[in-house]
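Here's the structure we're looking at; comments come further down.
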Amino acid sequence: MLIMNFVSAIIFIYIGIFVNLYIWEANKSIFEVSWYNLILFTGWGVSYTLGANLLWRYSVRLLLALSAGCGTLAFLLLTYLTLDNRLIWIALIGVPVGFMWGFFASAQNLSIAFFGKGNDVAVYFATASIISQGLSMLVPVVSAQVIGWFGYGGSFTMMFAFLTVMLVFSYFMPRISVPAASIAEGSFWAQMSVKRVFADPSSKWLAMAILAAGVFLQFQNLFALLFTFSVTQSKLLIALLNALYTISALLGLLMYKRIKWSENSYLWLGVALLSAGFLMVMFPLKPVLIVSNLLTTLGMFFFGTVWNAQQFRCIRHYSQGRQATFLVWRECFICLTRCIMLITILSLEELKGGLFYALIAISLASLLSIPLFQTKASKEASRVQQPGGIGPSL
């Protein structure tokens with residue numbers, strides 16, 4: 001899975017920066033980039049759910065092959081498709097990109113949920129994180145150079161090569177599918193029942209935290225890109241700025257390893273850095289936008305590290321089937337509120353004005369609510385998991 005993670009990370013990093021930039025360069029339109037991401041995350045949520053359903057009948061090989069196939073389709077469309085209606089063209093690009101991401105995320109997350117073992121999971125995520133950070137610095141620079149030498153077409157061809165590797169490796173992956181014990185709990189759609197998945201108070205607080213996270217995550221992800229695109233049009237400088245942001249995350253990792261603060265201290269530090277970064281963009285000078293992205297990248301590292309760990313700790317007493325369906329709902333909730341945020345952003349014409357400031361306020365309110373919801377969820381989960389508590393839940 002680590003080799004597959006390595007290859008797919010190259011593709012996803014490229015898509016995350018340069019497909020958005022490719023769309024942005026034509027008209028410098030916030031609407032078009034938001035429309036692309038709206039279609040992408042709609043496809044992501046749908047394909048993640050479909051992928052989970054397929055794992056009840058087939059192996060992870062199929063999901064990874066479908067992911068590679070969708071990625072290939074996306075780059076074929078980018079290379080050859082031309083339409084007079086630009087919004088339809090953007091939507092046709094966004095659908096396979098979203099499905100590629102959703103199928104892959106479903107394969108990776110549910111495989112780990114079903115078969116990951118304590119220390120093995122920790123080692124996997126630590127190794128995957130190191131790979132991702134290294135590639136986040138290397139891939140944009142190499143891609144920018146390829147685009148400079150051969151144009152976007154040359155970089156699309158490079159992605160075809162990695163997608164071919166991904167497709168080949170999908171055939172050699174272990175035949176991981178849903179364990180028989182989880183299938184015995186009921187069909188996929190029966191286990192997706194809201195009453196079953198969110199049957200205890202802890203899960204309800206987790207759902208609130210997840211819905212709030214989608215709002216601020218979308219603001220941070222989209223505007224980090226747009227702020228960078230506003231600073232410079234040079235692809236190499238965009239790549240170097242992305243490398244600078246990655247270095248800030250690596251510094252955060254070093255701090256996290258060396259300074260032994262409590263989880264909640266790091267969670268609130270992440271919230272504070274993200275909040276400061278959001279507020280700074282009210283003064284849209286180029287140096288300020290760069291510092292804002294540095295702060296939000298560092299804040300996202302602390303926030304994401306603690307928040308994900310606490311979320312998974314809260315569901316560890318669930319059965320495997322319920323853990324899997326909770327993760328599907330988690331992904332769908334995040335995609336849902338991302339899409340709601342993107343629908344609002346469609347009306348934004350520039351990075352200033354009343355609507356932009358309202359989006360900042362909404363994102364800050366969502367961000368500040370998450371530690372409060374998470375604390376409530378953790379307390380409820382601890383009560384259930386204590387000796388004499390309710391015990392494992394089906």
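Yeah, the Cβs are placed from backbone N, Cα and C, and that goes for glycine too.
Taken straight from TrEMBL:
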{"type": "TRANSMEM", "residues": "7-23", "note": "transmembrane segment"}
{"type": "TRANSMEM", "residues": "35-55", "note": "transmembrane segment"}
{"type": "TRANSMEM", "residues": "62-81", "note": "transmembrane segment"}
{"type": "TRANSMEM", "residues": "87-110", "note": "transmembrane segment"}
{"type": "TRANSMEM", "residues": "122-143", "note": "transmembrane segment"}
{"type": "TRANSMEM", "residues": "149-172", "note": "transmembrane segment"}
{"type": "TRANSMEM", "residues": "205-230", "note": "transmembrane segment"}
{"type": "TRANSMEM", "residues": "236-254", "note": "transmembrane segment"}
{"type": "TRANSMEM", "residues": "266-283", "note": "transmembrane segment"}
{"type": "TRANSMEM", "residues": "289-307", "note": "transmembrane segment"}
{"type": "TRANSMEM", "residues": "327-348", "note": "transmembrane segment"}
{"type": "TRANSMEM", "residues": "354-373", "note": "transmembrane segment"}
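Cβ atoms under 8 Å from those of the transmembrane segment (327-348) belong to residues 30-31, 34-35, 37-38, 41-42, 44-45, 48-49, 52, 102, 105-106, 109-110, 113, 192, 194, 197-198, 206-207, 210-215, 217-219, 222, 311, 355-356, 359, 362-363 of the same chain, restricted to positions at least 6 beyond its ends.
With pairs at least 6 apart in sequence, the transmembrane segment (354-373) and the transmembrane segment (62-81) have fewer than 3 Cβ pairs within the 8 Å limit; the two do not touch. Long-range contacts of the transmembrane segment (236-254) within the same chain, counting only residues at least 6 positions beyond its ends with a Cβ under 8 Å from a Cβ of the stretch, are 17, 21, 129, 133, 136-137, 140-141, 143-145, 148, 224, 228-229, 290, 293-294, 297-298, 300-302. Sequence-distant contacts of the transmembrane segment (205-230) (same chain, at least 6 residues past either end, Cβ-Cβ under 8 Å): 16-17, 20-21, 24, 30, 33-34, 37, 41, 198, 238, 241-242, 245, 274, 277-278, 281, 284, 286, 289-290, 292-293, 296-297, 300, 307, 311, 314-315, 329-330, 333-338, 340-342, 345, 351, 359-360, 362-364, 366-367, 369-370, 373-374, 376-377, 380. Contact between the transmembrane segment (266-283) and the transmembrane segment (149-172) is not supported, since fewer than 3 Cβ pairs fall under 8 Å when only residues 6 or more apart in sequence are counted. Tertiary neighbourhood of the transmembrane segment (7-23): same-chain residues 32-33, 36-37, 67, 71, 74, 78, 90, 93, 97, 100-101, 104, 131-132, 135-136, 139-140, 143, 147, 152, 155, 159, 162-163, 165-166, 169, 225, 229, 235, 238-239, 242, selected by CB-CB distance under 8 Å and a gap of 6+ residues from either end.
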